[in-house]
Amino acid sequence: MFNFAKTAVLMAAITALFIVVGGMLGGEQGMLMALLMAVGMNFFSYWFSDTMVLKMTNAQQVDERSAPQFYALVRELSEKAGLPMPKVFLIDEDAPNAFATGRNPDNASVAATIGVLKILSNRELRGVMAHELAHVRHRDILISAVAATMAGAISALANFAMFFGGRDSEGRPNNPIASLMVAILAPIAASLIQMSISRAREYEADRGGAEISSDPEALAHALEKIHNYAQGTPFQAVEQHPETAQMMILNPLTAGGLAQLFSTHPPTEERVARLMHMAKNGEYPGAN
């Protein structure tokens, strides 16, 4: 119920922002058109955003024949978590990362890059995929899918406002400065909405992953490795579609310093510290 409420709040907030941008582009008619588009896009997001995200990241589906060890690992963790077997995908990217998508546990997919399989031990990979399956179990993946789709739409509308301007409710051209401000501020606002929910969601998935794998230390080590390797290895598909970055186990586009304040993910060092504390004190479900 809590995750359903989070989804509703996120969809309502981003829909409202979408309508406001539409109003600045075309007055009352623009708001009405934006509202109709938002309803359609939310419907589309619910049913098809997982397919879009997998296509954006160039993910290729695998099975027990094409990727036997990885597929078996996901199946073992799924059974332990009490979840239906998700579809399994690999992404031909050296950047180490992973994500989950799909509207519910019965229609879920998990994906990992070739890079993450190369750098992690089997124990660490179990921790990562357990984290992703925790997202599935918590039904967080719908939030990520809707956020990615709507954030991309808001950015597109904002860019349209910057280059083509818009009209007010009386049909007069908008102030170009106002259009520029919309182009700058609307995507930032969309990111802040995502950030307010995503950080807590990642902590929950870390804890849930520790429960599924019974090994928070392995996930902590995996996060450290992914963080260190990702610094010099660009995730090309995510750079082309930055709206998908917030779905990854670590945001590949996050910078340090002040930019960390606007990240959809908590600081890696904080996540690692929490997991190591859980491992040391046995403060996680499934601990002996």
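Keep in mind that glycine also has a Cβ here, set from the backbone N, Cα and C atoms.
Given the structure is predicted, the values throughout are model-derived calculations rather than measurements.
Swiss-Prot lists 7-27 (among others) with the feature transmembrane segment, giving sequence analysis as the kind of evidence.
The transmembrane segment annotation in Swiss-Prot covers 29-49 (among others).
Counting Cβ atoms from all protein chains shown, H135 (Zn(2+) binding site) has 27 others lying within 10 Å of its own Cβ. The Zn(2+) binding site annotation in Swiss-Prot covers H131, H135, E202.
The Cβ neighbour count for E132 (active site), using a 10 Å radius and every protein chain shown, is 30. According to DSSP, E132 (active site) is assigned to a helical segment. According to Swiss-Prot, the active site annotation covers E132, on the basis of sequence analysis.
Annotation comment: Swiss-Prot describes 141-161 (among others) as transmembrane segment.
For 177-197 (among others), the entry in Swiss-Prot reads transmembrane segment, with the evidence type sequence analysis.
Counting Cβ atoms from all protein chains shown, H131 (Zn(2+) binding site) has 28 others lying within 10 Å of its own Cβ.
E132 (active site) is 10 Å away from E202 (Zn(2+) binding site) when you measure Cα to Cα.
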